[in-house]
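Participant: I am attaching a structure below and will ask some questions about it afterwards.
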Amino acid sequence: MDGAGESRLGGDGGGDGSVGVQIRQTRMLPDFLQSVNLKYVKLGYHYLISNLLTLCLFPLAVVISVEASQMNPDDLKQLWIHLQYNLVSIIICSAILVFGLTVYVMTRPRPVYLVDFSCYLPPDHLKAPYARFMEHSRLTGDFDDSALEFQRKILERSGLGEDTYVPEAMHYVPPRISMAAAREEAEQVMFGALDNLFANTNVKPKDIGILVVNCSLFNPTPSLSAMIVNKYKLRGNIRSYNLGGMGCSAGVIAVDLAKDMLLVHRNTYAVVVSTENITQNWYFGNKKSMLIPNCLFRVGGSAVLLSNKSRDKRRSKYRLVHVVRTHRGADDKAFRCVYQEQDDTGRTGVSLSKDLMAIAGETLKTNITTLGPLVLPISEQILFFMTLVVKKLFNGKVKPYIPDFKLAFEHFCIHAGGRAVIDELEKNLQLSPVHVEASRMTLHRFGNTSSSSIWYELAYIEAKGRMRRGNRVWQIAFGSGFKCNSAIWEALRHVKPSNNSPWEDCIDKYPVTLSY
């Protein structure tokens, strides 16, 4: 999430000139044992029924195959005689069968495969340990004592480690903030991830038919997608898209857009690049709600190769199963809870509302309520639905049954927006520490890399050797707007980490014990 609600810190120096820092606990995610809106359950079942034809035809085909395998020569002879004297019936049945098969072929969802993905690993000289971060913040001369103390407290409670990265421009005193520096950061991240992706997959850039790039806060002209087209000399008829201003959940949105394009354009590849740009979006003011992103956001990016080619199934890592998107932008509080604006001195930054955690919780609740019917075992769905009905009949006196999502997924990639979000999701979804390990360790090692964080988490699970054939992964991301988006993947094989994984040189050190 765009800045995850850690503790809210505030307060100014006392009359004696000393720095005072107050910590006010913000409202955490709402308890999911509270009310669940039935209309979102209905929406989930609508998505399920949309694939009902496929669900019905498969068991029917199995039954017919079993019956046919049990027929002996006498049965076949009797069937042939019956067919000779019922020609009209046979023609009608054949027409119905052909029609049914045609409808199935035309309406069945075509598979979208994830061939491979790559996450950018910045060079060591871009690391920003706590001490260096605080020293550079002090030397800029832009922050007063209260703001510096506030940032120190946030860092200590953030869940970030000492090895996260900030862009090159921020390592100078004063920082070298310019359009050229921002372009350089974008190029290093995007091209670094793409170079590794093309090397690992042996796919030629000319074979890419669809390109989707998402970056929330940096949208130059020409666009980031145009920079990639120029760098790799992609073909002239490529369908390229550049998503801006959509926050930390834009990675899943980009995957959803690429999926829709792959369903229309056959036999092609799609590349999804997710990143964020820090160079021109560092806040040099003293407003507390706008300082939190400085402490959490770090350099990172990912590149994902998707395919709709049937022959790619054998070498692909995952198959895309579902994407569920929730947008609460119609609500004014949700719309403004993560908001880019200027402070009283005219300095631009991203402001985080005190209601952020509560809004994130409501948006998440809507998202998982819609997702449930698509992924949960029938036993969980029955319990979930029945308790909702009973609750409706008895005016809210009965708490809804919260499904066990661990029965639907083996792995969870929760956006590493901040420690508080991960803690609350672990509690409310009743997850074990191992289920949120990838999120915690990604936050510790790389910080909040915005929309690409869910890919660093998936890379962590692979590096640990935990991904098995048939395992399902739930990627869940939050972002400004306010949005909550989920992507569900199924592993097609026992997945090994790709070459030059971002965890390659440090996976043996993890998990680490965190103390706040």
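The backbone N, Cα and C atoms fix where each Cβ goes, glycine too.
Residues annotated as transmembrane segment in Swiss-Prot: 48-68, 87-107. Taken from Swiss-Prot, the feature domain 'FAE' covers 104-393. Annotated active site per Swiss-Prot: Cys248, His327, His411, His415, His444, Asn448, in sequence order.
Walk me through where these features lie, including what they touch and how far apart they are.
Facilitator: Looking only at the domain 'FAE' (104-393), the predicted model's pLDDT averages out at 94.
Reduced to three states, the DSSP call for Cys248 (active site) is helix.
Cβ neighbour count for His327 (active site) (all protein chains, 10 Å cutoff from its Cβ): 19. DSSP assigns His327 (active site) to a strand.
Cβ neighbours of His411 (active site) (same chain, under 8 Å, six or more residues apart in sequence): His435, Ala438, Leu458, Ile461, Arg466, Met467, Asn471, Arg472, Val473, Trp474.
According to its DSSP assignment, His415 (active site) is coil.
Long-range C-beta contacts of His444 (active site), restricted to its own chain and to partners at least six residues apart, with a cutoff below 8 Å, comprise Gly159, Leu160, Gly161, Val512, Leu514.
Under the DSSP three-state reduction, Asn448 (active site) is assigned to strand.
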Participant: Using Cα coordinates, what distance in whole Å links Asn448 (active site) and His327 (active site)?
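Facilitator: Spelling it out, the Cα of Asn448 (active site) and the Cα of His327 (active site) are 21 Å apart.
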Participant: At the level of the C-alpha atoms, what whole-angstrom distance separates His327 (active site) and Cys248 (active site)?
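Facilitator: With the alpha carbons as reference points, the distance is 13 Å.
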Participant: Other than its own, how many Cβ atoms are within 10 Å of the Cβ belonging to Asn448 (active site)?
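Facilitator: Result for Asn448 (active site): 28 neighbouring Cβ atoms inside 10 Å.
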